[in-house]
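Visitor: So TrEMBL has the following annotated:
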SIGNAL    1-21  signal peptide
DOMAIN    8-172  domain 'Glycerol-3-phosphate dehydrogenase NAD-dependent N-terminal'
BINDING   Phe99, Ala155, Gln300  NAD(+) binding site
DOMAIN    195-341  domain 'Glycerol-3-phosphate dehydrogenase NAD-dependent C-terminal'
ACT_SITE  Lys206  active site, proton acceptor
Amino acid sequence: MGATTLRVCIVGFWSWGSAIAKIIGTNVKNQQKFASTVKMWVSEEAVNGRKLTDIINHYHENVKYLPGHKLPENVVAVANLSEAVQDADLLVFTTPHQFIHKICNEITGRVPKKALGIIHMESIDEGPRGLMLISDIIREKIGMDVSVLMGANTAREVAAGEFCETTIGSKVIQNGILFKELLQTSNFCITVVDDADAVELCGALKHIVAMGTNFCNGLHCGNNSKAAVLRLGLVEMITFTRIFCKSQVSTTTFLESCGFANPITICYRGSDCKEAKTFPRIGKTMGNLQKEVLNGQTLQGLKTSALVYQFLKQKGLLAKFPLFVTVYRICYEGRPSTEILTCLQNHPAHM
Ligand SMILES: *[C@@H]1O[C@H](CO)[C@@H](O)[C@H](O)[C@H]1NC(C)=O
Ligand SMILES: *[C@@H]1O[C@H](CO)[C@@H](O)[C@H](O)[C@H]1NC(C)=O
């Protein structure tokens, strides 16, 4: 790409997109390689009678999704998605998974041919051939190289500038290194690895593990039991990833933030936690719970759990994944949440 300055567009305006916008906006100002204006696509909505884009561009705060944090002034909110991406060299996708097909359809043919993407999306999708990675949807639809950013990085802590580690997985390692230059700060420390698919899968699978730990919370079981769920969950994450990727993914990848640290941080926070914790106590089915507690919003862990279960069932691998299967059965087959404890006792790791 030579000496041209690289233009960055953030496709996503929710809390994580706004948190990373703080980092990107600051970093581009200090590196000649990047154009100093950063576009952030913001789907227009009215907040207190004003357009959200106007509020962001005037007050430099995403009052709706990341209140209390100033965005750098060179981060510009753009309501028209095609316009936002049309001159971008680097695209940072951070959107809830249900929007990705619509976004891809809208920007296909608009994104410059040489553009590179990176995603921060902790989910998997269902393609015509079953379980499908979000990055593959973007690769197929837009035809760009896509890296993956994943780690123990809750949005509020990233926005507050608290220390965290994260992982970038890239099939083309130079692209990962370029994104590292864009994103790294002294408190946002990045390791680049070449197992992009493994990094992405870890981000989705950890939601199943988090559901498991939160059934434990609901049952008021101890920290040791929860640690066992985390450990066995990580083992199943590794086994699943190696089967799905059909390769001997390096163990060191799982020791990076995307693997080891990610389930730990999520089981202490977030939407999966609160609801999964409530679930065993109120004894409701996940379907009802979603409607009542989440206003119909889907729990990441639920969808991931179902997709993974179907994949394992098809391949005749259910017996190899007792924890994943138990979480699925508690969520979808009305099994009592205490089965998470039985699963720990009878786990093949202890036989
Ligand atoms: C969005 O931008 C594109 C590209 O500039 C343009 O063709 C389109 O008409 C715009 N859409 C709206 C709703 O303004
Ligand atoms: C788990 O550890 C925390 C921190 O030490 C403690 O406050 C909590 O009571 C422990 N939980 C249980 C169930 O013992």
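Including glycine, each Cβ sits where the backbone N, Cα and C put it.
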Visitor: Ligand 1: which of the recorded positions Phe99, Ala155, Lys206, Gln300 have a Cβ closer than 6 angstroms to it?
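Guide: Checked recorded positions vs ligand 1; nothing flagged, none.
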Visitor: Which of Phe99, Ala155, Lys206, Gln300 has the fewest nearby Cβ atoms, counting only those within 10 Å, among these recorded positions?
Guide: Phe99
Visitor: Where the record says Phe99, Ala155, Gln300 bind NAD(+), what is the longest distance in Å from one Cα to another among those residues?
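Guide: Looking at Phe99, Ala155, Gln300 as a set, their Cα atoms extend up to 19 Å apart.
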Visitor: Measure from the Cα of the residue listed as 'active site, proton acceptor' to the Cα of every one of the binding-site residues Phe99, Ala155, Gln300, then give the nearest.
Guide: Gln300
